[in-house]
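J.: Below are the features I grabbed from Swiss-Prot:
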ACT_SITE  Lys37  active site, proton acceptor
MOD_RES   Lys37  N6-(pyridoxal phosphate)lysine
BINDING   Arg135, Met315  substrate binding site
ACT_SITE  Tyr267  active site, proton acceptor
Amino acid sequence: MDSRPTIAEVDLAALRHNYDLVVRTIPRGCGILAVVKADAYGHGFMDIARELETLGVTAFGVAFLAEGIQLRKSGIDRPVLILGGVYPGQERKCVGFNLSTALFSLEQARVLDDAAGRLYRRARVHAKIDTGMGRLGIPHEEASAFFSALRELKHLDLEGIISHFASADELDEDGRRYSDLQASRFAAAVAAARHEGFEPRYVHIANSAAAFGMDLPFCNLVRPGIVLYGALPSGDFEGKMALKPIMRLRSSIAMLKWVEPGTSISYARRFTAPDRRLVASIPVGYADGYSRSLTNRGEVVVRGRRAPVVGTVCMDWIMADVTHVSGVTVGDEVTLLGCDQEGNCVRAEELAEWAGTIPYEIFCGISKRVPRVYLNPSIRHR
């Protein structure tokens, strides 16, 4: 074997558990658009998508055209929505690969309409309404005029209407008030579309947080992302979701050494042993996605015990203080993210807090040089 012992295990049984939790939470008859953009948040979107397809997922959400084409070329035939829309010159491929796209301007709509007409097809679009995110979308105040103009474009199929919450993961009074405001603006935009004679198949604004925390009776689709991969949308949801982490980043100890008091560890000598310590060298580093900001902050699990990361995180290595770990030896398994076989875990939420970021970035940061190994695929998936 030519590779290191550093791998990312992805437990598809845990994915199924999290998906079922979403199914049990949302209203009966509500569809699920699984967000698999950014390589399924670093988990490997081809294997994740195939597993979700066997579970009956309604649709998939990707960030841009190339991701949608990859799904189609792999045999995925469920609806695929390009959440970030298409760029000039991509319209024909979007239509040709039978992909749906978010639409956030009338100019974009006209170009898509022209491309679809030239192919003797209809482009499937989801009109994106900016209800307060301030990123992409038709301003909610202009929704009525937009839908009125859209009626003139005969090669577009308004398959859906979409918006995005800015703070659904904030459950304090201010966060809830703003989410309610966005929901009311979105409901008004949907009503404007129906007033112009449109009957969109999908109406959706709920991300992971809103799917679990809000009542949106006028919507019929939710867009879970982070919860499928086993992490909370925010700390406000602590204890509210029985999620299972689906990724385990693991490695093993390559070297053990006793160091004397005053010995410094790693670049810039940011850790100095206060007394005699046993230090383990582990072949994983920031090139693998183990952030340099975890220097002297991170913790790993060895033989069921937490061990602190000591010294600067290197490109290919970290060091951990295992003085207190009884029986530790070279070759022992190290869990950097996720849970070991006995259920001792380092949660993505913890890593994110130590690194000053969010679980999304932790997952997406696990680099391509870390092999993904998929465990417990469904029988149909095999």
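Keep in mind that glycine also has a Cβ here, set from the backbone N, Cα and C atoms.
Walk me through the surroundings of each of these features.
T.: Taking a C-beta cut-off of under 8 Å and a sequence gap of six or more, Lys37 (active site, proton acceptor) has these contacts in its own chain: Phe45, Gly61, Val62, Ala63, Glu67, Leu83, Gly225.
Under the three-state DSSP scheme, Lys37 (active site, proton acceptor) falls in the helix class.
When secondary structure is read from DSSP and collapsed to three states, Arg135 (substrate binding site) falls in the coil class.
Counting only residues at least six positions away in the same chain, the Cβ atoms of Gly311, Thr312, Cys314 sit under 8 Å from the Cβ of Tyr267 (active site, proton acceptor).
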J.: Sequence gap of 6 or more, C-beta under 8 Å: which same-chain residues meet both conditions with respect to Met315 (substrate binding site)?
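T.: Within the chain, Met315 (substrate binding site) has Cβ neighbours under 8 Å at Gly285, Tyr286, Ala287.
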J.: How many other Cβ atoms are found within 10 Å of the Cβ atom of Arg135 (substrate binding site), counting all protein chains shown?
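T.: I count 11 other Cβ atoms within 10 Å of it.
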J.: Helix, strand or coil for Met315 (substrate binding site)? Use DSSP.
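T.: Note: Met315 (substrate binding site) is coil by DSSP, not helix or strand.
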